[in-house]
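In what follows, a single structure is set out as C-alpha cells and then discussed.
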Amino acid sequence: MTKILLTGFEPFLDYKLNPTMQIVENLDGEKIENYHIIGRILSVDFQQSAEQLKRHIEEIEPQIIISLGLAGGRFKITPERIAINIKDGEPDNNGYSPVDESIQEEGADAYLTNLPIRHMINRLQEEGYPAEISNTAGTYLCNNIMYEGLVYAQQHEGVRAGFIHIPASFELAIQHGKIPGWHIRDLIAAVKLCIEETVRAGNH
C-alpha cells in the first residue's frame, strides 16, 4: 500500500497545546483509496526536527509528505506555495534562535510545492471551509520542515510534498484568549479533504 507521511508539531512558544498533534493522531492509520496515512509528531527544534523528518522518511518511504503547522491568528486553512532556504526566528523549544541562516548551505534558494494546492482550496471552499493559498511559510520551523520535505521530493521522482498551516482549535483559542479558532473536528475534516485531493491528483 502506498504511504502518506503526515506530520505535526508539539506545543511551542506561548501555545500550550498544538492542534496539529490532535489532527495527526486522529488521522494516523486512516486509509484513503490505496494510500495509508502514517502520522508522526516532530520536535519544535531547528536541528532535531529536520533529522526526525529524514528518519521518518527513510523508515516509511512515503509517496506523499504533508506537514502541518499551527498559524495562530489565521482563520483560514492555508496550504503553502513556497519554502525558502532560510531559518530565522524566535527561539525553538531548546532556546536556539537562528538569524539569517541557510537550511542547507548548498541548497536551492527556494522550492515550490508540488501538492495540488489550488484543488485543495477549491475543495475546501466548496465544502464550506475558509481557505486560501499562502505565499509565505515564514522562516520558523514550518518553513524549515517544508523545505526539507521538498528537497526529498526533488530527489525522488513521483514524490509529492508540501505544508499546510491551520488555525487554532477552539480549545487553544480559549486558552490563548486573542486568536480565532475552529472546532477540532472541522480541522481534522479539512486536512482530510486536502489529503483526498492530493491522492486524487496522483491517481489521475
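Keep in mind that glycine also has a Cβ here, set from the backbone N, Cα and C atoms.
The active site annotation in Swiss-Prot covers Glu80, Cys142, His165 and rests on sequence analysis.
Within 10 Å of the C-beta atom of Cys142 (active site) sit 23 other C-beta atoms, taking all shown protein chains into account. Neighbour count (other Cβ atoms within 10 Å of the Cβ, all protein chains): 25 for Glu80 (active site). Between the CA atoms of Cys142 (active site) and Glu80 (active site) there is a gap of 10 Å, rounded to the nearest whole number. A Cα-Cα distance of 7 Å separates Glu80 (active site) from His165 (active site).
Residues near His165 (active site) in space but far in sequence (CB under 8 A, at least 6 apart, same chain), listed by position: Leu68, Gly69, Leu70, Ala71, Arg74, Ile77, Thr78, Pro79, Glu80, Ser134, Ala137, Cys142. In three-state terms derived from DSSP, Cys142 (active site) belongs to a helical segment. Secondary structure at Glu80 (active site), taken from DSSP and collapsed to helix, strand or coil, is strand.
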